[in-house]
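Participant: This is the feature table in TrEMBL:
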BINDING   135-141, 166-170, 250-253, ALA318  GTP binding site
BINDING   THR141  Mg(2+) binding site
TRANSMEM  180-208  transmembrane segment
Amino acid sequence: MIVVQIKLLFQTGFDEAELKSYISVIHANVYQTIKILYDGSKEFAQNETDSLKYVVSIENEGIGEKLSEIGGRLDYPCLTKELAQEMEALWKDAAIQETYSRGNELQVPDCAHYFMENLRRLSDVNYVPTKDDVLNARVRTTGVVEIQFSPVGENKKSGEVYRLFDVGGQRNERRKWIHLFEGVTAVIFCASISEYVGTLFLIVIAIVSRYDQTLFEDESKNRMMETKELFDWVLKQPCFEKTSFMLFLNKFDIFEKKVLKVPLNVCEWFKDYQPVSTGKEEIEHAYEFVKKKFEELYFQSTAPDRVDRVFKIYRTNALDQKLVKKTFKLVDETLRRRNLFEAGLL
């Protein structure tokens, strides 16, 4: 999502052809989501003591089997009005809603609610994705994607031009991209705090909401623990020993809702967390706890003679265009001040 926001904010955005190219991605997200939810409801119905609330109604059971079969294919059909109506009926089934409330246990994507509430629009024969649709679309990064931009706008003369590499954070992808970063100015690590785990995206970003979720490629591995290990690994790479680090604690909008329902200490890294209050005060307390954990990890993993390199943490929500723009401008200012300092001009 951050890469999409960069394209919208600092480049030319998406033309109609590019927007239409996301239709298949969005439809795939929809089919995958409903399959995960339906299959999850059956699993819960078999294994939970209060199993009845996970049993899909008789009128929707056939629809569920049909959509689960479609969701398991390698190629998905175009989302028709008929399929959208069936999907909407299944989505509104009480058992599916109960299952959705436990979505963190099932790899349900963050975009689930957004797309399920827009099924009729997504299935229109003249459908063209909006920028919000594109921002919510989920595509796993494999390989390396490069994008160039200036955080101050299209006038490249008024600021630095950045080369940003969006990389695959999955374990088997890391050796493919690490060699690209010899001599880079800064790493932005993106961690999803909403999933009590995260994915790598260089610049580097952590998703704070993923503390209670498991990896797509290894469901026994908590995502935040994987993020911790990945951040530690990146910090210790020789090519980054003089590199500034910008940590984006991403998806705060999801984190602030989840942390009031799912205890932060379900994650092994946060097992010493103690709630202190409720509401907004508790949200801030939990966020500061996570932030401190990353700060401690940074200094533990940084050689004593390198502690002066720039390290900044930013709270982000990739869907909030104004916040992303403000954050990148702050990053730009920080790096330019660093360059002036190293040149002896400050």
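Here the Cβ of each residue, glycine as well, is placed from N, Cα and C on the backbone.
Remember, TrEMBL labels are computer predictions, not curated facts.
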Participant: Just counting, how many other CB atoms are there within 10 A of the CB of ARG138 (GTP binding site)?
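Facilitator: Result for ARG138 (GTP binding site): 16 neighbouring Cβ atoms inside 10 Å.
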Participant: Around LEU135 (GTP binding site), how many other C-beta atoms are within 10 angstroms of its C-beta?
Facilitator: 19
Participant: What three-state secondary structure does DSSP assign to LEU135 (GTP binding site)?
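Facilitator: Where LEU135 (GTP binding site) sits, the three-state DSSP reduction gives helix.
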